[in-house]
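Below is one structure, written out as structure tokens; comments come after it.
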Amino acid sequence: MEGLPQNTPRTVDEVFSDFKGRRAGLIKALTSDVDKFYQQCDPEKENLCLYGLPNETWEVNLPVEEVPPELPEPALGINFARDGMQEKDWLSLVAVHSDSWLLAVAFYFGARFGFTKNERKKLFQMINDMPTVFEILSGNAKQPKDHSGPHNSSSKNKSGGKPSRQPENHIKPVKMPTPPKEVESGGEEDEEDDEQGATCGACGDNYASDEFWICCDVCEKWFHGKCVRITPAKAEHIKQYKCPGCSSKRARV
């Protein structure tokens, strides 16, 4: 499996060393190697993931096939959103997901090898003293404190790591949480019939008003957000959404 070290880390220091190596690889992908990373994330290809490796390298690859995987998997399909967002916003989104994945892998090892409460606390403190990938990318990284006094200034550092979006650069969302209602003059009864007739192009389930839906701009089919791994927050930044089916069709042409 990609990213699985030959010598699985079993102590706090070993897990932290593994974390640092993977983190360094992810930072390279999003900074010094960003042109190469951008080219590899072709939206016409299948669902791709960004892996940070323990030896401070990175790779863009398909997710592992075994279920469940040996390690937590990174965000799936990062390539699909590449051309639908401004490059800076897309890289920031990948960075945030990368930070989440790094924590998941580190604490997976902690759970697997039975870290105690104090060991988990020590691991988190060691990780928390380092700037996140997103903070490095956004330029909000702050030098870690040399002391560990009672002043809880780390909370301020966290709040300073929020993405600085400029309102004028916002992309107008073209996705709606509910399927369109083709109603001309039929009234409420026709609207209810339209809603009940809508089905998800992935799972085939009927429309429900309490679930998020997204429409493919190519085939115009509607999908549950959860079925195609798109959240309302992601949809706001996608200019043109292509479902996995349409993306795979174009990849074969």
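Placement of Cβ uses the backbone N, Cα and C atoms for every residue, glycine included.
Under the heading region 'Disordered', TrEMBL lists 140-198.
Marked as compositional bias 'Low complexity' by TrEMBL: 150-164.
Among the features that TrEMBL reports, compositional bias 'Acidic residues' is placed at 185-196.
Residues annotated as domain 'PHD-type' in TrEMBL: 197-249. Shown for the domain 'PHD-type' (197-249): DSSP residue counts in helix, strand and coil, namely 14 helix, 8 strand, 31 coil.
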Per-residue pLDDT averaged over the domain 'PHD-type' (197-249) comes to what?
81
